[in-house]
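Before I ask anything, let me first share the structure, which is written out below as structure tokens.
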4 protein chains.
Amino acid sequence: MRILFLGDVVGRTGRDVVMSRLPGLVSDWALDLVVVNGENAAGGFGITEAIYEDIRAAGADAVTLGNHSFDQREALVFIERTEALVRPANYPPGTPGRGAAMVETRKGERALVVNVMGRTFMDPMDDPFAAVDRVLDGIELGRVVDAVVVDFHAETTSEKQAFGYYCDGRASLVVGTHTHVPTADHRILPGGTAYLTDAGMCGSYDGVIGMDKEEPLRRFTRKIGAGRFEPATGPASLCGIAVETDPATGLARQVAAVRLGGGLSEARPTFWES
Amino acid sequence: MRILFLGDVVGRTGRDVVMSRLPGLVSDWALDLVVVNGENAAGGFGITEAIYEDIRAAGADAVTLGNHSFDQREALVFIERTEALVRPANYPPGTPGRGAAMVETRKGERALVVNVMGRTFMDPMDDPFAAVDRVLDGIELGRVVDAVVVDFHAETTSEKQAFGYYCDGRASLVVGTHTHVPTADHRILPGGTAYLTDAGMCGSYDGVIGMDKEEPLRRFTRKIGAGRFEPATGPASLCGIAVETDPATGLARQVAAVRLGGGLSEARPTFWES
Amino acid sequence: MRILFLGDVVGRTGRDVVMSRLPGLVSDWALDLVVVNGENAAGGFGITEAIYEDIRAAGADAVTLGNHSFDQREALVFIERTEALVRPANYPPGTPGRGAAMVETRKGERALVVNVMGRTFMDPMDDPFAAVDRVLDGIELGRVVDAVVVDFHAETTSEKQAFGYYCDGRASLVVGTHTHVPTADHRILPGGTAYLTDAGMCGSYDGVIGMDKEEPLRRFTRKIGAGRFEPATGPASLCGIAVETDPATGLARQVAAVRLGGGLSEARPTFWES
Amino acid sequence: MRILFLGDVVGRTGRDVVMSRLPGLVSDWALDLVVVNGENAAGGFGITEAIYEDIRAAGADAVTLGNHSFDQREALVFIERTEALVRPANYPPGTPGRGAAMVETRKGERALVVNVMGRTFMDPMDDPFAAVDRVLDGIELGRVVDAVVVDFHAETTSEKQAFGYYCDGRASLVVGTHTHVPTADHRILPGGTAYLTDAGMCGSYDGVIGMDKEEPLRRFTRKIGAGRFEPATGPASLCGIAVETDPATGLARQVAAVRLGGGLSEARPTFWES
Ligand SMILES: [Fe+2]
Ligand SMILES: [Fe+2]
Ligand SMILES: [Fe+2]
Ligand SMILES: [Fe+2]
Ligand SMILES: [Fe+2]
Ligand SMILES: [Fe+2]
Ligand SMILES: [Fe+2]
Ligand SMILES: [Fe+2]
């Protein structure tokens with residue numbers, strides 16, 4: 001199965017690059033499954049139902065979230081009906097929505113998309129390791145499902161790497177999100193799970209984590225803000241990871257970074273482009 | 001000028017890969033200036049004088065540090081005589097050592113190597129932005145010095161990106177360290193400064209930030225430790241960034257990621273290999 | 001029922017004041033139930049079995065813990081047999097020991113002693129609010145048990161006050177620990193639960209949270225440590241809270257701060273001293 | 001000199017209790033110097049010029065602030081003309097306002113009022129210990145000034161206690177603010193400085209740190225907010241500390257907790273009431 005995961009879409013800048021490029025990638029790369037993190041899609045903070053539908057229409061089979069899941073309060077309502085919208089599984093019991101969604105691919109394969117949130121230097125949630133155990137309990141990769149994609153939304157590299165190893169062999173892909181900067185450590189772990197510490201964001205890198213740099217710089221240097229954070233404009237990059245799984249096992253066979261457009265060095269899954 | 005910066009060397013695993021590969025790179029790439037972060041070189045925690053000398057002998061013109069600078073207490077003493085060993089400039093006044101060192105390259109050019117520590121989700125130090133202003137005051141790039149390399153040792157991508165833009169035009173390179181995972185966002189900022197959010201580490205990526213994964217996983221899942229952190233063994237990677245500066249301005253002309261060996265995707269400065 | 005709770009016993013200094021004064025208080029005040037937080041009893045870090053037995057022998061019916069529960073590794077073993085030693089209930093499932101203990105008082109009444117840990121500015125544990133719900137489920141105060149004492153080991157006043165209100169009406173007493181400074185906000189909440197944000201510590205207040213002040217001051221001002229933390233010596237104070245419950249309901253009828261000895265202003269339950 | 005310090009005034013509830021009671025205390029206790037922390041006076045967040053004037057009119061000689069200093073943006077402007085309004089001294093250089101104010105008392109004595117902010121578990125500011133050194137440099141207590149009052153606005157008890165000892169002998173009073181809960185550890189340190197870890201707040205204790213408890217409880221238990229924080233209503237308490245200094249040295253001769261009204265146990269400076 002050919003899987004593409006795209007990191008946090010930030011504001012209109014990020015949405016535009018997804019809308020304009022994702023449909024072409026779906027066909028060029030013959031993608032089977034596309035997952036996009038949408039926690040910053042609405043002006044940098046949360047997601048609206050219309051934006052969710054737009055990202056789905058552009059080719060996403062599922063949309064994941066993070067600590068900004070419910071910045072747009074309406075998400076508490078519409079998440080109940082948007083079945084491919086996934087919020088972190090380790091929110092308290094009773095939180096609207098779901099922490100994992102079963103998705104049927106274009107070819108009729110079954111993929112489980114999971115979202116979990118880290119807790120080091122983040123709002124303290126319940127144990128993400130125990131949460132992913134509960135989600136994956138009984139969902140044997142290669143038997144019950146053809147693919148498992150885990151978006152681990154977390155701050156630190158240590159928690160993310162530990163989480164990757166913890167899931168190794170049980171997921172097709174564990175990919176980090178939240179820092180908005182793509183890491184270059186994509187690889188296949190010993191148990192067969194593709195791993196990347198952070199997918200980076202879809203948005204403008206001529207800013208501070210996708211936001212116009214003036215206000216963040218003011219806060220860092222003066223310790224007093226003067227306005228709101230606004231998404232940075234300018235040329236945008238699409239960032240994420242491409243994974244090809246073994247149909248028999250659901251584990252990763254090939255993995256490549258994806259970085260297209262904007263000022264970043266380009267990266268593509270050359271194994272799909274020959 | 002040809003500059004190579006290597007990220008945090010972790011334990012013997014990291015030292016071995018630096019010792020075995022750096023001398024060859026210095027000659028193959030005709031490097032003018034090599035800076036290596038050594039804050040984790042001694043078993044993962046700090047640095048000894050012997051290790052400092054070894055890294056220097058392998059080709060480093062300067063060694064930078066970070067939050068682990070003084071984990072080996074003897075560093076408080078020997079740092080006074082190891083003139084190319086640089087600790088964060090924003091330690092309190094009176095801290096042994098220096099926050100910046102002027103280095104003469106093989107060709108007689110002058111390079112200033114600076115180390116500053118971030119404070120978001122780290123031990124609270126004095127303002128890193130004000131600290132770098134003090135260090136760079138009067139040190140005009142291209143006139144007073146031929147190169148300025150700033151190692152910004154920090155946790156978050158936001159503080160690092162803000163710091164990069166803050167120094168843009170005043171440094172040849174601003175490179176982040178501390179997370180031990182290489183990012184893929186190397187680029188030249190609008191003002192001419194080469195930038196990378198994190199250089200990654202020199203060590204084994206089959207672990208958690210370079211340490212054997214068993215103990216970190218235990219602490220994340222059980223919340224009770226059972227032993228010490230030990231550097232991971234296994235195939236090691238050398239990670240960092242390569243920058244070629246314009247001799248007239250000291251600003252960056254070309255930039256490339258460096259990732260060699262271990263399980264990471266390889267990256268090299270192809271512009272030096274033709 | 002007459003309940004005395006004493007805050008974190010710090011090192012030998014703290015143990016000595018408990019050993020010397022608690023037996024007298026048990027008889028003078030005709031105490032029915034004594035609970036002591038012992039997380040710092042062994043040199044400031046954790047507890048040993050011998051120390052636990054000493055505190056019990058001095059009059060404690062139960063001993064609670066906190067983030068330092070297992071600093072002495074042997075506690076992972078002996079906690080299985082020390083039935084009145086209670087560690088935070090929101091440690092991960094499978095952690096040795098128990099998060100609540102049923103204690104029989106001198107007069108044959110039943111008291112439940114609960115320990116829960118906060119997570120704001122502390123190591124992220126599972127939800128303390130959900131944890132106390134699970135512990136108290138089916139344990140109706142005044143029917144199933146005669147008293148419920150909850151030691152909420154937490155850093156911030158906001159989490160502690162919220163926790164107090166959350167338990168109001170279900171516990172005889174919710175008392176905070178961990179900051180090692182007694183607060184003066186003891187009161188009975190609207191639902192009948194006695195509440196105090198922090199019990200303070202049993203130890204020397206001529207230090208920094210009970211430890212000799214030299215090393216903490218060095219770390220705050222120089223950012224580099226030079227030694228270990230050692231319990232402060234000098235005149236020690238006994239700090240805690242006294243609660244008298246209504247035998248019919250188990251709720252609080254009277255509450256008083258307890259501060260005896262050392263340099264603190266003295267406070268006593270005058271309603272037991274007439 | 002007779003000094004009264006009152007902790008963080010929270011919203012209208014807090015302002016009302018200050019307005020109604022402070023004038024009487026000034027005359028009943030024959031106060032020479034009154035300092036009030038006003039960082040939460042405007043709806044819980046910051047201060048307006050009108051509110052500042054009201055607190056001054058009620059008897060305050062100086063008003064201190066904290067991390068909420070500039071929540072009301074207009075404070076960046078009016079603080080330049082409100083000479084007895086003091087914001088933390090360790091804001092970055094160039095921040096509007098002042099970190100210390102010299103106040104003349106009713107009897108013509110000179111008192112220096114200082115505000116400094118801690119940085120453990122708070123926004124990282126520059127070193128508070130170095131900041132207070134700079135403020136007090138050359139201001140010898142008992143010679144240059146008759147009193148020095150330091151409001152140390154900080155989260156943790158350890159940083160506050162360390163700060164108290166650090167200033168011991170150089171200030172008449174070091175009093176903590178920010179946690180909104182009064183501690184009971186008022187005492188005179190060995191060098192003669194009166195000390196209290198936290199003054200508590202002026203406002204309603206039937207809430208969570210002075211705010212209506214519903215929203216904080218929702219956020220703690222559900223991790224998703226549903227509204228704004230609003231000051232709690234209901235009976236309010238006035239909290240702080242009373243210090244009598246030696247006219248010859250400016251050091252403390254007597255110290256007492258002050259807690260009046262609301263549901264807290266009452267405390268008064270009985271040495272002024274005979
Ligand atoms: Fe994000
Ligand atoms: Fe996020
Ligand atoms: Fe490091
Ligand atoms: Fe580091
Ligand atoms: Fe403690
Ligand atoms: Fe504790
Ligand atoms: Fe406050
Ligand atoms: Fe505050």
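Every residue number used here counts from 1 along the chain in the order it is shown.
Here the Cβ of each residue, glycine as well, is placed from N, Cα and C on the backbone.
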Say TrEMBL lists D:E39, D:N40, D:H180 as binding Fe cation 1: which of D:D8, D:D71, D:D151 is in the same site, per that record?
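The one candidate that TrEMBL places in that Fe cation 1 site: D:D8.
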Looking at Fe cation 2 binding as recorded in TrEMBL, which candidate out of D:H153, D:H186 goes with D:E39, D:N67, D:H178?
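Candidate in the recorded Fe cation 2 site: D:H153.
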Just counting, how many other CB atoms are there within 10 A of the CB of D:N40 (Fe cation 1 binding site)?
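Result for D:N40 (Fe cation 1 binding site): 32 other Cβ atoms within 10 Å.
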Looking at Cβ-Cβ distances, which residues of the chain lie under 8 angstroms from D:N67 (Fe cation 2 binding site) while being 6 or more apart from it?
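Set apart from D:N67 (Fe cation 2 binding site) by at least 6 residues yet with Cβ under 8 Å, we have D:E39, D:P88, D:M117, D:M122, D:D123, D:H153, D:H178.
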In which DSSP state, out of helix, strand and coil, do we find D:H178 (Fe cation 2 binding site)?
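Assignment for D:H178 (Fe cation 2 binding site) reads coil.
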What is the total of other Cβ atoms whose distance to the Cβ of D:H180 (Fe cation 1 binding site) is within 10 Å?
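There are 28 such Cβ atoms around D:H180 (Fe cation 1 binding site).
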Nearest to D:H68 (active site, proton donor) by Cα distance: which of the binding-site residues D:D8, D:N40, D:H180 is it?
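Checking each of D:D8, D:N40, D:H180 against D:H68 (active site, proton donor), the shortest Cα distance is to D:N40.
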Using DSSP reduced to three states, classify D:N40 (Fe cation 1 binding site) as helix, strand or coil.
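Note: D:N40 (Fe cation 1 binding site) is coil by DSSP, not helix or strand.
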If we take D:D8, D:E39, D:N67, D:H68, D:H153, D:H180 as the recorded positions, which have a Cβ under 8 Å from chain C?
D:H180
Counting every protein chain present, what is the number of Cβ atoms, excluding its own, within 10 Å of the Cβ of D:H153 (Fe cation 2 binding site)?
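Around the Cβ of D:H153 (Fe cation 2 binding site), 28 other Cβ atoms lie within 10 Å.
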Once near-sequence residues are set aside, which residues in the chain of D:D8 (Fe cation 1 binding site), 6 or more away, have Cβ atoms under 8 Å from its Cβ?
D:G14, D:N37, D:G38, D:E39, D:N40, D:G66, D:T177, D:H178, D:H180, D:A199, D:M201, D:C202, D:G203, D:G210
Give me the sequence-ordered set of same-chain residues, not including D:E39, D:N67, D:H153, D:H178, with a C-beta within 8 angstroms of the centroid of the Fe cation 2 site's C-beta atoms.
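Close Cβ neighbours, site residues excluded: D:D8, D:N37, D:L65, D:G66, D:H68, D:S69, D:P88, D:M117, D:A154, D:T177.
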Near the Fe cation 1 site, what residues other than D:D8, D:E39, D:N40, D:H180 in the same chain have a C-beta no further than 8 Å from the centroid of the listed C-beta atoms?
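For the Fe cation 1 site, the extra neighbours are D:G7, D:V9, D:V10, D:G14, D:N37, D:G38, D:A41, D:G44, D:G66, D:H68, D:T177, D:H178, D:M201, D:G203, D:I209, D:G210.
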